[in-house]
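Novice: What follows is a single structure, and I will ask about it in a moment.
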Amino acid sequence: MEGPASPAPAPGALPYYVAFSQLLGLTVVAMTGAWLGMYRGGIAWESALQFNVHPLCMVIGLVFLQGDALLVYRVFRNEAKRTTKVLHGLLHVFAFVIALVGLVAVFEHHRKKGYADLYSLHSWCGILVFALFFAQWLVGFSFFLFPGASFSLRSRYRPQHVFFGAAIFLLSVATALLGLKEALLFELGTKYSTFEPEGVLANVLGLLLAAFATVVLYILTRADWKRPLQAEEQALSMDFKTLTEGDSPSSQ
């Protein structure tokens, strides 16, 4: 009789890519704060600086934390599946709450200043991304954390969940880039083309946002870096194939 399976070692390059992604993500958050502090006066809720809460919260929530939530199944390869599910879900909750604060901040700022809402491409994309993110979390909770969902439903929905998770993350980064460009054009106008220090800093920030998204998506698309099936998952997978003659669920 075989003993318990030993933990699968992490692929050699995976820890380095994960560490690089975290370095990029933290740099993006720090540089966003530096941009707002150096050129936009900082952040505050009860003042004209309330708008600055918006970009910082969106970068922390819908870019950095969402990206980290997607990496949970690559980083925690040998922990119990339930534990990784809960961590994956909690990171999305934190991302949602922080993004919600950012969304409230921009609407409150517009209301106080008498500005129009939801007229730009950035705002349309932002509302779409926020709605998709919330819907994805609700459906994911219903299928993978709520005990009532059947194994067959989970296995059939999982590919869609994985795809839309990556797609929403990519759309979040694209929306952040749109917002960054919009903020620069509003503030700098024609001076943007004269290599103003703020414009250069923001351009570097945009490149780092794109780099963070690229590294995260690369980690997610490497099939050999997926979380290996644990013993109980393999047993459920075999039972499901026997009963339904369908495909066994792949790990995220």
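Just so it is clear, glycine is given a Cβ too, placed from its N, Cα and C backbone atoms.
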Novice: Tell me whether CYS125 and PHE151 fall on the same side of the membrane, as recorded in Swiss-Prot.
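Specialist: Going by what Swiss-Prot records, PHE151 is on the opposite face of the membrane from CYS125.
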Novice: By CA distance, which of the binding-site residues (LYS81, LYS85, ARG154) lies nearest to ASP117 (heme b 1 binding site)?
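Specialist: Nearest candidate: LYS85.
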Novice: Please give the sequence-distant neighbours of the transmembrane segment (126-146): residues at least 6 beyond its ends with Cβ less than 8 Å from one of its Cβ atoms.
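Specialist: Sequence-remote neighbours of the transmembrane segment (126-146) are 58, 62, 66, 85-86, 89, 92-93, 95-96, 99, 103, 118, 153-154, 157, 161, 164-165, 168, 171-172, 175, 179.
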Novice: Just the number: how many Å between the Cα atoms of GLU182 (heme b 1 binding site) and LYS85 (L-ascorbate binding site)?
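Specialist: Per the Cα atoms, GLU182 (heme b 1 binding site) and LYS85 (L-ascorbate binding site) stand 37 Å apart.
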Novice: CA-CA, which of the binding-site residues LYS81, LYS85, ARG154 lies nearest HIS54 (heme b 1 binding site)?
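Specialist: Checked the binding-site residues LYS81, LYS85, ARG154; minimum Cα distance to HIS54 (heme b 1 binding site) goes to LYS85.
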